[in-house]
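J.: If you scroll down you'll find the structure; I have some questions about it.
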Amino acid sequence: MVTIRLHNGKTRMKEVFVPIDPMNVRVYVCGPTVYDRAHLGNARPVVVFDTLFRLLRHVYGAGHVTYVRNFTDVDDKINATALARKEAGAAGTLEALIAERTEETIRWYHEDMDALGALRPTHEPRATAYVGQMIAMIAELVARGHAYARDGHVLFRVRSFAEYGRLSGRSVDDMIAGARVEVAPFKEDPMDFVLWKPSDDSLPGWQSPWGRGRPGWHIECSAMSLALLGASFDIHGGGIDLQFPHHENEVAQSCCAHPEAEFARVWMHNEMLQVEGKKMSKSLGNFFTVRDLLGQGVPGEVIRLVFLGTHYGRPMDWTAEKAGQAEATLRKWRAMVAGVQPSAPSGAVVAALADDLNTAGAIAELHALAAAGDAAGLKASAGLMGLLQDDMGGWAEAGVDLAPYAARLAALRAAAMETKDFAPVDAMKAALLAAGVEVRMSKAGVEVLPGPGFDAAKLEGLL
RNA sequence: GGCGGGUUGGCGGAGAGGUUACGCAGCGGAUUGCAAAUCCGUGUAGACCGGUUCGAUUCCGGUACCCGCCUCCA
């Protein structure tokens, strides 16, 4: 059995991973709020935890890992979008417009994440399907004295949970000193956070013991992880930005509702993504979605390889140069593994991944396999990382049969060898290069392959 | 202000208390009609200042700088 070591954000140490139940390893990762296309930053945790999912499936068996990633479809941004559509004259009730918006966004999300080679999680629960469970958990928290109702709101009583702040390394008193918390008259303590809030008629709402309302953001993950993975599970993941307050609040809710359990044993946080050295933001003008990149012709597999080139715990910089290098690497590897039956993943690659998802180290091992000419091992090992899969390699293929061009060039070359006039050969070669075709001539013959920027249209008239 | 992370060779980016990371680029050579691809060889880096040690880029402390979160833009 491969020993997996993971950096546990709860203990701040790298620990040997021991599942609660090796027959059912359970992972929960915070998913997207489905109000718009996923931007590139949203994709990082998807790729990181997909790699973890693949590793766990490899080690414990594909049928022995349960991976849950939620869709947050209760959110004021979604409401705002739907409301705007309604005011613009869209037909249907607000609820219908909201459902339409979330359905549409989930479809986009799936398309985009599929393109990155991410496996679909075992379960992708939608918050709206678990409001009953959320209400039950909130009621439990109230009954246990960890929450209180005021003015149609229900708030979590932060002072009732001594461990509050441990995950994110903060103390309640320090945070209040920072004074960047919303002070509301109905709060007992400024740090208390909302479990339930009232909805007026313009907002979606559910009936509850506290009136018609909707859940606060944090409770959904506590309720859905409980429903799908149980009160204790193995790994909880998400972006480091979620560590506080989201994950801290999840811990508080879940541990107070189920003090007998341990909630998540291991916490994993991926660091943030940057673009050309800067934070991606709309104001800097460097904000873009996964779909934008795909639309520009950057293959999902290239995005994936770039992501995996940096350890998940470090900030990752997306640059055009990296994308170019990743594309060149993948073209080389794909040419090598074409038509090859994968063998078993290399032990060195598995070992690297098992060492707290050292994907950069694993990629170095892929290079070693390529250098050693082990195409079968390369294909299998890359497959473990979601790379070089048959179903995502279309981008590297020419789409047209280049064999006639190779034959033509070979004929010209053979003639030139006799006449010593290489001008016609060079002319054709230049034209092929201009079309993005890689030309290799050797004693053995002529090879032509699609290269970066390949454009079939530019091949017109070359035959 | 509070909390957390980072600083590695031209660029990207890892591991390890003491032997080559790796990739890209570069340089030299082989090969080639010329190239490309390939093969061989090549670089000796670790912000700064101290400490621990036989020995630190790797451990500890401090300084500087950078970044993120604390503002439901991951």
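Just so it is clear, glycine is given a Cβ too, placed from its N, Cα and C backbone atoms.
Marked as Zn(2+) binding site by TrEMBL: A:Cys30, A:Cys221, A:His246, A:Glu250. According to TrEMBL, the feature ATP binding site maps to A:Lys282. Positions annotated as domain 'Cysteinyl-tRNA synthetase class Ia DALR' by TrEMBL: A:348-396. Under the heading motif ''HIGH' region', TrEMBL lists A:32-42. Marked as motif ''KMSKS' region' by TrEMBL: A:279-283.
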J.: Under the DSSP assignment, what numbers of helix, strand and coil residues are found in the motif ''HIGH' region' (A:32-42)?
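T.: Summed by class, the stretch gives 3 helix, 2 strand, 6 coil.
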J.: Over the motif ''KMSKS' region' (A:279-283), work out the mean pLDDT and round it to an integer.
T.: 79
J.: How many other Cβ atoms are found within 10 Å of the Cβ atom of A:His246 (Zn(2+) binding site), counting all protein chains shown?
T.: 18
J.: Give me the Cα-Cα distance between A:His246 (Zn(2+) binding site) and A:Lys282 (ATP binding site), rounded to a whole Å.
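T.: One finds 23 Å between the Cα atoms of these residues.
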J.: Whole-number Å distance between the CA of A:Lys282 (ATP binding site) and the CA of A:Cys30 (Zn(2+) binding site)?
T.: 23
J.: Summarise the domain 'Cysteinyl-tRNA synthetase class Ia DALR' (A:348-396) by DSSP state, stating how many residues are helix, strand and coil.
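T.: Once the DSSP states are binned, the domain 'Cysteinyl-tRNA synthetase class Ia DALR' (A:348-396) shows 36 helix, 1 strand, 12 coil.
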J.: Let's check the environment of A:Lys282 (ATP binding site): how many other CB atoms sit within 10 Å of its CB?
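T.: Excluding its own Cβ, A:Lys282 (ATP binding site) sees 8 Cβ atoms within 10 Å.
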J.: How many neighbouring Cβ atoms, not counting its own, are there within 10 Å of the Cβ of A:Cys221 (Zn(2+) binding site)?
T.: 29
J.: What does the DSSP secondary structure composition of the motif ''KMSKS' region' (A:279-283) look like, as residue counts for helix, strand and coil?
T.: 0 helix, 1 strand, 4 coil
J.: If one looks at the chain holding A:Glu250 (Zn(2+) binding site), which residues at least 6 apart in sequence have a CB under 8 angstroms from its CB?
T.: A:His218, A:Cys221, A:Ser222, A:Ser225, A:His236, A:Phe263
